[in-house]
Each structure stands twice: as C-alpha cells, then as structure tokens.
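Q: Okay, these came from Swiss-Prot:
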| type | residues | note |
| --- | --- | --- |
| BINDING | Asp12, Asp60, Asn92, His195, His218 | Zn(2+) 2 binding site |
| BINDING | Asp12, His14, Asp60 | Zn(2+) 1 binding site |
| BINDING | Arg329, Asn365, Arg370, Phe393, Phe476, Asp482 | AMP binding site |
| DISULFID | Cys27-Cys32 | disulfide bond |
| DISULFID | Cys328-Cys333 | disulfide bond |
| DISULFID | Cys340-Cys362 | disulfide bond |
| DISULFID | Cys452-Cys455 | disulfide bond |
| CARBOHYD | Asn308 | N-linked glycosylation site |
| CARBOHYD | Asn322 | N-linked glycosylation site |
| LIPID | Ser525 | GPI-anchor amidated serine |
| SITE | His93 | site 'Transition state stabilizer' |
| SITE | Asp96 | site 'Transition state stabilizer' |
Amino acid sequence: GSFELTILHTNDVHARLEQTSRDSGKCTGEDCYGGVARRATKIRQIRASHRNVLLLDAGDQYQGTIWFNYYKGREVVHFMNSLRYDAMALGNHEFDNGLNGLLDPLLKNVKFPILSANIRPKGPIASNISGYILPYKIINVGSEKVGIIGYTTKETPVLSNPGPYLEFRDEVEELQKHADKLTTLGVNKIIALGHSGFMEDCRIAQKVKGVDVVVGGHTNTFLYTGSPPSNEVAAGNYPFMQLSDDGRQVPVVQAYAFGKYLGYLNVTFDDKGKVIKASGNPILLNKSIQEDPAVKAEISRMKVQLQNYSSQEIGRTIVYLNGTTHACRFHECNLGNLICDAVVYNNLRHPDDNEWNHVSMCIVNGGGIRSPIDEQANNGIITLEELTAVLPFGGTFDLLQIKGSTLRQAFEHSVHRHGQGTGELLQVSGIKVVYDLSQKPGKRVVSLNVLCTECRVPTYVPLEMEKTYKVLLPSFLAAGGDGYYMLKGDSSNHSSGDLDISIVGDYIKRMGKVFPAMEGRMVFSAGSL
C-alpha cells in the first residue's frame, strides 16, 4: 500500500530562541512570532495527530542574536535535542567559530545525525571529525526506511571559517553517489536535506536520480500556496514542484527563516517509493499558538546569564563615537567608519596568490546607526548593551557581488535627496567618494575610488563600470531597504554574514581601545557648498 510521511522542517533559524517581532527582531509588543517554546507546542500537536513524522533542520542554526554570542551553540544543542530533531544538515554559519566551534558544542553533543555529503576532510583533521559528519542516514519511520542525504553550500569557505582542511564539493555529484548507494541498499524513499539556496535545491531536484523530496535553506525562501498569512511574499507555491530530468515531479520546500514558520509537508509514496502526492504549507507560528511552558521556563533561566554578559566591558573608546542623526545622515561620521572597518576585518579570509583578500569594501546606511557612544560617560567603556543601542535591529553584514555600474547607482541614491535627514547616506570603508550637490540628483557622484584587492600594496583606484565587485553591507540594504532596490540581492549574488553587534564587538575587543577619525572618505566638492 501507500505510505504517508509528514516532514516538519526549519532552516536559517539564526539563534532566534526567544519569540520575535514580525520582522524577526526583538519582540517588544504583543504581536510576537516563533521562538523555540512556540515551535515545541506545534511539533507536539503534529506528532500527536500524524503517524509518520520527521523533524528536519536545513542548517544555519548558528549566529544571529546574543544567544549565540554567549552560548556559542550550546543553546542549539540543548533545544534541538529537547524538540527531538531527527536530522540536521550543516549550513555555512555552523563554521563561524571554526571547526572546533562546530565539533564542540554541536557535533559532539547532539542526539541526532548531522549530515553533509559534499564536505570532504583532508590532511590532519580528517580523523577528528570522522563519524561526526555523516553523508546520509537511514531512518526507520513506522514500517518504512527513509534515507536522508545532507549537503552544504560550496561557498562556505568564503562565507565562514571552515579552515584549510575541508573541501566543499559539487552538491549534485556527491548527492548522486550517495543516492545510488541508498538505492543499492534497497532504500526507495530519499530526502535531500541541505543548505545551498533555492536555485541549487531545484537543480538537485532536477538532476539527482533517486531523490524524491528536497528540503532546503540558505536563501530564506518563502513558498506558500494560497494567500500568505503575514508580510512575507511568496516566491512560489509550497511545495514547489520541480520536473526532474527523468520525468518525475519532485517537491522542493523551504520555510523562510528565523523560526517564524514551521515547514509542514505531507508526502504520499506508493509501494515502489514513488511520490504520488505532496501538499502542505509553512505554518505561521503566531500568538494563537501557545508557548510550551516548560521550554519557556528554560529560556527564562538561560536568559539570566545573557543579561550579565551584555553588561560586561568589551573595550573602550578614547574619542566621541559620533553616531548622532545629524552626523551620520549628513556627512562622514567616525562611528560609521569604525563599523565598516570592523566589517572588513571580520571578512578577512586566507589570502591567495592573486588577492590579499576577496573583499575590501563596506557600505552602511547612516540611518542604521542609531546612537552615539560618549567617551566621557563611564570612562568610554563599551559594552554589548551600548553596541545594541547603536545597532539595535539584529541585522547581519552580508556579502554582495555587483557590477561597478550598480555600485555607482547606489552612491547616486545615497545623496539623491541629501539634506532632509533621511537614512540612506552611505558610510564606507575601502571606498572614497566625492559628491557635488549642485548637480541634479542622479548626477552628483564626481568620483568613486575603491581599494584594490588584486594588488600587493592596497591603493584606491577608479571604479570600473563593467567589473564585478564584492561589497559588504547590512542585510537591510541587501533586501532593498532605504530605497536601494538596485542592491536587492538574489540568491545567486548574495550571502548572509554575521550579526552586526558581534562583528563590531569582536573588533573593539581585539583593538582594546578605539579612536576612529574623520578621514575624508566622503567629500562634498566645492561646487556644492
């Protein structure tokens, strides 16, 4: 007979353990979403009312709130174990604290398999991690065997810190090898679970023979059938049906991000393991779903240490960090310089023969800098609390690949209505821009020079319109915020990075004392006075 399987799935939760606001920031009012206590309730209800349930995570549990800064993944282990996840695929952010920060706490302490078929250890560390990262796992669900194969984005070495001894191989080739192996072992129901983005998920569904369902992540893709329940706009139906090269309809799913939804897919297989029906929708975890009291109590208990942590000294400033509105929205501000310098530092990777680094430029919208830090108050001591006042939105600094012409367009947008105190003026690092405000909007950029990367002595050189550049920027801008529609990244050119306050905090800690200056990174030419 046929076999009905219910797949519950999360991806890109990014340390949202507590419930959040509608846009996945701090929950302040009544209208709150997600959080692990609320997810626990929904999972319990579905396990009680459905026979064959799998709970899967497609990676990027790590990084995104102060929970991760403090607990470093112990919080992920604790709550994923208590929610009884069946399997997790590794995302790029699981490597943010290096291989050691992945091994312990995560790999050594979870009670479920961690999967990735396309990561190949080489050299000295191969023995340390053998047995901790599996290519696939066969799970008994009811009377049937289900094979789950994991995969992780090939971009991980550029996006995170996996170190020199892990090789990230082509997803389709590696998945095919393991799908063939599972088929040989007599497993005819196979799920690919991984973290390479929606376009790659679809390519896997199209190319890999034997894979019946693809559960993905990385691009925070929201799929929905019918009219969406909140403010996310659907990129396609749920499940998205991809026609495979061998003529099958393969359901592909993703559940947005930040634990705001719980992915819910019902799949019916015939006795040969062929998918005959697939339906479902992500479930919005809004306040109509009660938070599980036991889980909620554990969150409260663990939160106490967070509060102590956020009031500890990180470092000091010996100058006024001007993050005022009338500075950062009108001209260069030294706090903007500090933030962007920290972001470039955070993205230093292994240099190669061509480049001292893969990226040299950062931009941040002045409106995203929400508070100054006064060096005369409290001896200039900087804590995480102060940084959270400067950068309160819990955003990340992401990597975008764009053409020079697009970057120039962004700098025109930066001053298209200069003087009104709007938030789009760009603070920078690795960029020198000259504006002439006497010109018409759209024609105000006099010159735009950028720091070379393919050079042994970094120098500012003119931006080339046709060349592709990498730029670091707030996730808010990569989503087209503040009118920067030209920067709206699609999954092929945009990768999410680390939490803003943790980047700036780590930099200040490393420096001990900071004294950012006004450096003429942004200049208004005489014609505009």
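Every residue, even glycine, has its Cβ placed from backbone N, Cα and C.
Tell me about the setting of these features in this model.
A: Using a 10 Å Cβ-Cβ cutoff, Asp12 (Zn(2+) 2 binding site) registers 28 neighbours.
For Asn365 (AMP binding site), the same-chain residues that are 6 or more apart in sequence and have a Cβ closer than 8 Å to its Cβ are Gly423, Glu424, Leu425, Leu426, Gln427, Pro474, Phe476, Leu477, Gly481, Asp482, Tyr484. Secondary structure from DSSP puts Asn365 (AMP binding site) in a beta strand.
The secondary structure of Cys27 (disulfide bond), as reduced to three states from DSSP, is coil rather than helix or strand. The Cβ of Cys27 (disulfide bond) has 18 neighbouring Cβ atoms from other residues within 10 Å, across all protein chains displayed.
All protein chains included, Cys333 (disulfide bond) registers 26 other Cβ atoms within 10 Å of its own Cβ. DSSP gives Cys333 (disulfide bond) a coil state; it is part of no helix or strand.
Take the CB of Cys340 (disulfide bond) and look out to 10 A: across all protein chains shown you find 26 other CB atoms. Taken residue by residue with DSSP, Cys340 (disulfide bond) is part of a helix.
In sequence order, Ser360, Pro458, Thr459, Tyr460, Val461 constitute the residues six or more apart from Cys452 (disulfide bond) in its chain with CB-CB distances below 8 Å.
Secondary structure at Asn308 (N-linked glycosylation site), taken from DSSP and collapsed to helix, strand or coil, is helix. Sequence-distant contacts of Asn308 (N-linked glycosylation site), defined as residues of its own chain at least six apart whose C-beta falls under 8 angstroms from its C-beta, are absent.
In sequence order, Cys328, Cys333, Asn334, Leu335, Pro372 constitute the residues six or more apart from Asn322 (N-linked glycosylation site) in its chain with CB-CB distances below 8 Å.
Taken residue by residue with DSSP, Ser525 (GPI-anchor amidated serine) is part of neither helix nor strand, so it is coil. Around Ser525 (GPI-anchor amidated serine), a 10 Å sphere centred on its CB holds 15 further CB atoms from the protein chains shown.
Under DSSP, His93 (site 'Transition state stabilizer') is assigned to a helix (H, G or I) in the three-state scheme.
Cβ neighbour count for Asp96 (site 'Transition state stabilizer') (all protein chains, 10 Å cutoff from its Cβ): 23.
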Q: What is the separation, in Å, between the Cα atoms of Asp12 (Zn(2+) 2 binding site) and Cys455 (disulfide bond)?
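A: Spelling it out, the Cα of Asp12 (Zn(2+) 2 binding site) and the Cα of Cys455 (disulfide bond) are 36 Å apart.
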Q: Select the closest residue to Asn92 (Zn(2+) 2 binding site) from the following recorded positions, measuring between CA atoms: His14, Cys32, Arg329, Cys340, Cys455.
A: His14
Q: Could you list the residues of the same chain, at least six apart in sequence, whose Cβ is under 8 A from the Cβ of Arg329 (AMP binding site)?
A: Gly366, Gly367, Gly421, Thr422, Gly423, Leu425
Q: Return only the integer: C-alpha distance in Å from His14 (Zn(2+) 1 binding site) to Cys27 (disulfide bond).
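A: Rounded to the nearest whole number, the Cα-Cα distance is 15 Å.
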Q: Would you kindly give the Cα-Cα distance separating Asp60 (Zn(2+) 2 binding site) and Cys362 (disulfide bond), rounded to the nearest Å?
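A: On Cα coordinates alone, these residues lie 23 Å apart.
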Q: With DSSP assignments reduced to helix, strand and coil, which class does His195 (Zn(2+) 2 binding site) get?
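A: Strand, per DSSP.
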